[in-house]
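Annotation comment: TrEMBL describes 1-24 as signal peptide. Feature annotation from TrEMBL assigns region 'Disordered' to 315-336. For 517-528, the entry in TrEMBL reads domain 'EGF-like'. Annotation comment: TrEMBL describes 542-563, 627-646, 652-671, 687-708, 714-733 as transmembrane segment.
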Amino acid sequence: MARGAGPALRLPLALLLLPLPLLALPAGRGNRTGADSLYVSEYFSQSAQKLSFYSWYGNAKLFHFHVPEDTVLLRWLLQASRGKGPECTSMEVTVHFRYGAPPVINPLGTRFPANATVRPSYNISMTLSSAVQNNTFVNITTPAAGDWFIAAHLPEAAGRIEVKGFSTPCTYMFQPDMFVLRLIDMPVLEPGVAMPQTVVSPTKPLHVKVFVPKYTTRMWFELRNCVTSEQKACTVRVVLGSITLPQSFQRILTCTGNVNCSLGLDSPPWEKWLQITVENLGTANTDVSVEMVASFTACKPGSTSSFLNFSSLNQSQTGPRPGNAGAALPAGEASHNTSDQRSFCLQNQPVVREDLDVVSVRYRLLNGPSVPVYSVFPTLLLLGLNTGMDSGGSLVVNLLLNKTSLSLANATVLACVSAASPVLSLNTTQNCSTAFFQGYPLSMNSSSTEAMLIVLYPETNDWFLSLQLICPKGQGECNNAEAKVTVLAYLTPCFNDCGLYGQCSLLRRHGYLYAGCSCKAGWSGWSCTDDTKAQSVSAQNLATLLLTLSNLMFLPAIMVAVYRYCLVEASVYIYTMFFSTFYHACDQPGVAVLCIMDYDTLQYCDFLGSVVSIWVTILCMSRVKKILKYVLFILGTLFIAMSLQLDRRGVWNMMGPCLFALIIMIAAWVYHGVKRRHCYPSSWKRWVFYLLPGITLAFIAISVYAFMETNENYYYTHSIWHGLVASSVAFLLPPRDKHKKPWAWSQKLTCRYQICQNDREELYAVT
């Protein structure tokens with residue numbers, strides 16, 4: 001693989017940088033002429049996406065490509081660009097690659113869940129400094145055919161909570177384009193048949209392919225009769241397999257001279273085309289003639305009759321049926337099958353795949369949850385994940401050894417989980433590796449009876465679980481031994497549903513679905529299991545109390561509003577206090593949570609109450625006529641409700657009503673000042689002791705809300721926002737009219753002498 005950066009290029013110029021065989025082709029796809037008639041070029045592209053700073057996997061932008069069969073060269077053109085504004089600074093874009101499944105990345109260096117398999121993804125960095133655009137090329141020779149994934153993201157997010165509309169963030173874009181060079185009519189190497197071929201020159205390697213049948217335990221490749229056109233000793237290099245990222249397990253064989261050379265592959269991928277590349281390492285313009293032979297060693301599987309499995313499946317689902325009494329094997333035939341088991345190289349256990357939901361699959365064993373494990377041959381279970389939509393979740397395999405079934409106390413049950421082909425010879429020295437895949441080992445014994453494996457984003461393929469009984473003094477010690485292992489295997493979108501402090505989210509990219517965990521309360525990690533920066537329960541309770549009880553600061557404003565006959569305003573403040581309290585009680589993660597209704601409803605009511613409170617307060621300060629004030633109250637509330645429904649977090653949902661109300665207030669104050677021929681409000685005490693403190697508190701509250709809130713200090717700064725806004729309302733509410741007396745509850749509830757006397761005097765005067 002190679003990479004390089006260059007100046008900004010348009011697509012036609014980028015095409016000129018492709019290898020020479022592509023340039024020899026006419027325009028279009030699928031055309032073949034001249035000496036290069038065996039090759040065809042293809043081009044794939046996806047739309048550009050806006051990059052985000054990384055805080056969880058949902059911030060990474062995922063791209064999905066499908067590499068066709070018989071591809072001999074793959075080139076990606078990675079195009080990253082940024083805006084031209086002053087807010088745009090130098091930035092580093094990280095790009096991850098993986099074959100078969102989305103890349104498992106960890107830019108924040110957090111911990112993965114226990115028993116999870118983690119293989120670092122192959123990644124490169126693209127720097128956007130003085131140049132507005134950066135083009136980087138990645139070349140892969142003989143890539144594996146199938147799904148390839150690219151994930152791109154910016155560095156770690158700063159954690160500051162930005163109000164939408166207050167600042168203009170820089171835009172960083174990323175777009176990958178894929179060019180492939182595919183070989184048409186690639187020669188097929190038939191098993192056991194010698195195929196003579198000629199390698200024309202070092203610049204044009206020879207590509208052939210061979211199909212690996214099912215139940216192949218070993219493949220033997222041999223290169224014979226290597227002769228050059230100049231009758232000199234030939235030197236060739238044979239590469240078996242394709243490149244897969246982040247790890248590649250290609251097997252390389254170098255042959256020198258006329259001596260035959262060979263290579264054996266244990267557990268090659270079943271029912272797959274294996275690509276073989278032969279390169280001439282000699283001088284230029286020298287042809288090399290070789291003969292290639294591939295042979296396979298087959299495996300004899302042993303399993304229960306498929307008809308019997310189907311019959312038992314029907315019985316388990318619909319109950320016993322007449323005529324099924326003879327489904328069981330006779331005792332003689334059963335003993336005959338038992339005696340023949342020693343001739344098998346593996347035992348298949350029938351597994352049913354049950355699709356439950358999106359990226360959710362359960363595997364059920366037809367013969368029960370427990371499987372027998374022997375020492376003579378491995379027990380094999382097939383876990384199919386080849387639909388193309390299974391690689392976006394987590395494959396979980398749980399194994400439980402039945403201690404009573406293990407007759408030898410020092411025996412061990414080894415298990416291997418691998419893709420494409422199973423591990424058929426398990427022992428204490430092997431590490432669960434197949435020909436082109438590194439499997440995942442598990443072990444159980446009498447002292448440790450449980451084993452668990454979590455494969456994050458398993459690649460699209462057939463997965464195999466192999467189990468075998470191992471004795472430390474040799475396999476002859478436990479030839480007649482048997483162990484029972486309970487197998488629980490399933491595919492889930494998020495392991496453990498992201499735990500108590502996380503939320504499992506389904507993400508989509510052009511029809512492809514994958515899952516990720518969004519963590520809260522300081523928890524982090526792939527499944528929100530990293531508690532390095534986690535908040536304690538007491539800290540969570542404190543945060544909830546701060547955010548909820550700080551709304552009680554509206555009580556003074558409510559009392560002032562009632563005392564000054566602003567009953568509508570007081571009702572709005574009560575509404576805001578109530579829904580803000582219970583919205584923040586429901587918005588908390590972990591254990592300190594209380595939701596009295598749907599979260600979205602609480603959030604909408606909180607936002608609506610906050611904006612309407614500001615609206616009615618400023619209109620009340622304007623001292624317009626009551627009929628006009630109440631009409632503005634209703635119309636403004638209706639428009640605010642509509643605006644919040646369109647964009648709940650937009651800054652103009654709050655700034656728009658504020659500015660419009662301020663214009664009305666200023667116009668009303670100017671009108672009152674001109675009419676009275678002096679400044680309005682006229683009292684200097686009103687300005688010094690009420691208006692200026694209220695305006696100051698409001699500006700401080702807006703500054704805290706817009707510029708100081710972060711994810712870490714949100715509980716404190718937002719509580720301060722509640723207190724400052726509520727306090728400013730108490731200062732800004734205008735005094736009551738002079739002709740209105742204060743609330744006299746005793747006089748309102750009963751008819752006192754003074755009220756009755758006034759009524760009688762008025763009645764006497766009328767008569």
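Start at 1 and count along the chain as shown; that gives each residue its number.
Note that Cβ sites are derived from N, Cα and C of the backbone, with glycine treated the same way.
Curation plays no part in TrEMBL annotations; they are all automatic predictions.
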Relative to the transmembrane segment (627-646), which of 542-563, 652-671, 687-708, 714-733 accounts for the most Cβ pairs at distances under 8 Å?
652-671
For the domain 'EGF-like' (517-528), the DSSP helix/strand/coil residue counts are 0 helix, 4 strand, 8 coil
Please indicate, using numbers and ranges, the residues of the same chain that are 6 or more beyond the transmembrane segment (542-563) and have a C-beta under 8 Å from a C-beta there.
535, 569-570, 573-574, 576-577, 580-582, 584-585, 587-588, 592-593, 715-716, 718-720, 722-723, 726-727, 729-730, 733, 736, 742-743
Averaged over the domain 'EGF-like' (517-528), the pLDDT of the predicted model comes to 91
